[in-house]
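**Student:** The structure under discussion is supplied below as structure tokens; questions concerning it will follow.
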Ligand SMILES: Cc1cc2nc3c(=O)[nH]c(=O)nc-3n(C[C@H](O)[C@H](O)[C@H](O)COP(=O)(O)OP(=O)(O)OC[C@H]3O[C@@H](n4cnc5c(N)ncnc54)[C@H](O)[C@@H]3O)c2cc1C
Ligand SMILES: Cc1cc2nc3c(=O)[nH]c(=O)nc-3n(C[C@H](O)[C@H](O)[C@H](O)COP(=O)(O)OP(=O)(O)OC[C@H]3O[C@@H](n4cnc5c(N)ncnc54)[C@H](O)[C@@H]3O)c2cc1C
Ligand SMILES: Cc1cc2nc3c(=O)[nH]c(=O)nc-3n(C[C@H](O)[C@H](O)[C@H](O)COP(=O)(O)OP(=O)(O)OC[C@H]3O[C@@H](n4cnc5c(N)ncnc54)[C@H](O)[C@@H]3O)c2cc1C
């Protein structure tokens, strides 16, 4: 089975600050790590490879610093890694990001399975996976909490929706986005960390891909970030419920249900 | 292109997913003279129009086909694409439920437009729908617009707005389209989720009992209530000395940190050691006889009164 | 961008932080209460290849240097000092094998060091600080040596399967030999009931005429004390890292609490007396970090590091104990409670005022080095 896992590098911090002057996110000095859900996606790929054989290629679009997280994924056990890096890819929203990823997946060729994390922990949209599925005209199983190989060309997945679990059968090739409930990602061992530095990371820019220049980077991104701000931390506003227990409960339930 | 705001109405089985109704109300609030349109995709036998109408959309566009039962994301996106491409709304809102967050981006890819995820607010600035969304957890907000392409699409977080009923003359349009089945995917079944939290740290609803609710009668009621709400019972430290409770149930510094959607505190004073364990709870309701109890400062809802009484009323009124 | 040392070191550090956060830190209190590692925990350490961190690649290890290793040990100690000391004991022993072991011995034993713990034992009831007082004997028999004696207070005693032991020859020369738990005549004695580092087993081995081949001798006859001292140096660098990790933990507890707790309406951290305590802990932690890192760097660079290693452990152990005391005072009654971890951090740190050379012995060494400059 030929598996591609798309991974995004995110800042390793819970508290990201805004530069009060530029209104941009302060990202310098914050170390980059693999988006946590993407580790679950890599783990899922490793388990499938163990059952069905095949190869795992990591794919990421971003600046050269994303090498760090690609290496980390190699240390977890992926076979190879491709970084899509170019100034022209910069400023991409989800539509443009997914377009470039899709073109790269076409170039890799004969891919059976494309795995994503359910969403990134920074921008948090969860849109890239489904857009890639649409661009490549593939079926998708998003927010999957389990994945089983039926035969070499079919998977059964369970999707955890808001209050139902949906069982889905899907023929390969397909796109899956992975929830953290699916597995516990393995650790890179010290030895595998060393070995990951012996593997080559391929870098592709727009020159290696058959991309339409109007669909990549900022040019290909319909959304514009107008403003970034830190909302004032509103403490909890305590609302007093009526003195009579019956009325209090009625009001509470009405409020909570709306 | 027109100036309509469309809201995708998501169904849960036979019912309308509440966020969709919240979005109709919100759309009406920000619409000005823009018509608000509810977009419904349902099976032939279903009829959610009556419910949707109560919230006052100017129009309902209805897609009916039996294959919407257990349809895949791709099939739903394909059906929506037909009507949206044809009728060209200005804006299109989805609930940021799992389904909304799965279908909307597929549709976005077909329409080659922008989509903002999980918004906490929306408003119009001229013709631009300004979409306010959190990033890096909820510590930072950004405002996103989609200036050049229509429709402007957004998914909006459930329970951010309140649904309010409104009387309007609602026009109903039955839109004809073709359902294109997707060959390589099959939704086999849907099973309601039973609360599966194995421990209190993961529970979605927590009923917490303190020294002011420490008697057998109240504890028994709490267990019952937790059952009804699909939650778990937790305790402050003093109650870990009781037969039925242990350290596993304890909330706080030397117990468990919890992060439920709903926490109800009965007879808990709110000592620091307890309070640090509940900071991540989304909604906190507290019941205490002492109006000055520190727990109230950390609560969204406060009831000054007896734990047993409030518990009984809850048991009666929760379905 | 290719073989960049710091990038590998960073990834190792992140891996250890993840492992510690998920697997060790949540069990920190439990390990102390249990007085042992819970079932399966040590196996996770093995399964994730942590025993092979320093071991050269040719023997199946990862070959990380001491700078990277000390940083990893430091990260682990922040979550659980016992396991960090277990690894420290193993790594310092492997260092002696690599430096003094004969090729035949290395080929035979080192490939197993990713799955088995190696320990170093000098102490006996008749000789702790003064190893010349030991009574373990090594008697030459043809090409072999026959070893008899009783070693106590061995870090990882019972958990380890291979032991480097200090012994005296018939003509009272000191030498170190490698013995294996599978050899006839080997048995385990009692596990110590120590007050701190309660996860780390510390125990006794009994050697009753264990016959080992000649190549099990490390270095040469008469080199025993040198090897023992070198083992101390290597241990002390890593213990400095453990101590800095413990202080980081003490600091975090004190700071978190000072932010939460109010004295009437004033948060504790606004009180000058509390600020002083936090400052003292922060400075001591930082100093210990600088000392252990410098010690590791000197070792990697091939420079003398014995003095700095002793400073890291002497200063670090005393500071971690007194910092723990200060952190306890910030939390006052709560700090004195066993429901908070501070009291066990103090007990943990306390071990390192004794193990690998008492503070008194180290201070003698340090001062003599200053005097004889
Ligand atoms: C504050 C902020 C808010 C934003 N909001 C929006 C928005 O509302 N709408 C929008 O269209 N864009 C938005 N963007 C732009 C968006 O962050 C980028 O397009 C980003 O490259 C992908 O989106 P995501 O992080 O949401 O990924 P998600 O869609 O959440 O990621 C899902 C999965 O896709 C894969 N993936 C994501 N990015 C990459 C990548 N670069 N390389 C390889 N795989 C990847 C991973 O497997 C990941 O787990 C925003 C950016 C910022 C900084
Ligand atoms: C080292 C240490 C660690 C600790 N860790 C924790 C911890 O992890 N978790 C924890 O919970 N505590 C912990 N504590 C204990 C903590 O300091 C408090 O003592 C404890 O939280 C108090 O529990 P309580 O609120 O249930 O009881 P109380 O403080 O006695 O409060 C009882 C409340 O019930 C109200 N009440 C009385 N009758 C009624 C009624 N009929 N109906 C409604 N309300 C009523 C009272 O007004 C009062 O506010 C720790 C203490 C120490 C020393
Ligand atoms: C947690 C732990 C782990 C240990 N692990 C190991 C191990 O892996 N391998 C191993 O061989 N041993 C180990 N030990 C033993 C340790 O090395 C000895 O306890 C230490 O060397 C002190 O010896 P002693 O206990 O016999 O005390 P003594 O040597 O009897 O010392 C008693 C007191 O006299 C002082 N003193 C004695 N001689 C001198 C001197 N010459 N100069 C100045 N002061 C002196 C000491 O500082 C001390 O205060 C461990 C001990 C502990 C607590």
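Just so it is clear, glycine is given a Cβ too, placed from its N, Cα and C backbone atoms.
Those TrEMBL annotations? Automatic predictions, nothing curated.
Look at TrEMBL and you will find B:5-197 tagged as domain 'Electron transfer flavoprotein alpha/beta-subunit N-terminal'. Look at TrEMBL and you will find B:211, B:236, B:237, B:250, B:251, B:252, B:253, B:254, B:288 tagged as FAD binding site.
Could you give the neighbours, burial and distances for every feature on this list?
**Tutor:** Packing around residue B:237 (FAD binding site) is summarised by its Cβ count: 20 other Cβ atoms lie within 10 angstroms of its Cβ, all protein chains included.
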**Student:** Can you see whether DSSP assigns residue B:253 (FAD binding site) to helix, strand or coil?
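**Tutor:** Reduced to three states, the DSSP call for residue B:253 (FAD binding site) is coil.
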**Student:** Taking the binding-site residues one at a time (B:253, B:288), which has its Cβ surrounded by the most other Cβ atoms within 10 Å?
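**Tutor:** Compared across B:253, B:288, the most Cβ atoms within 10 Å surround B:288.
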**Student:** I'd like the Cβ neighbour count for residue B:211 (FAD binding site), meaning other Cβ atoms within 10 Å of its Cβ, all protein chains included.
**Tutor:** 13
**Student:** Just counting, how many other CB atoms are there within 10 A of the CB of residue B:251 (FAD binding site)?
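**Tutor:** Residue B:251 (FAD binding site) is surrounded by 28 other Cβ atoms within 10 Å.
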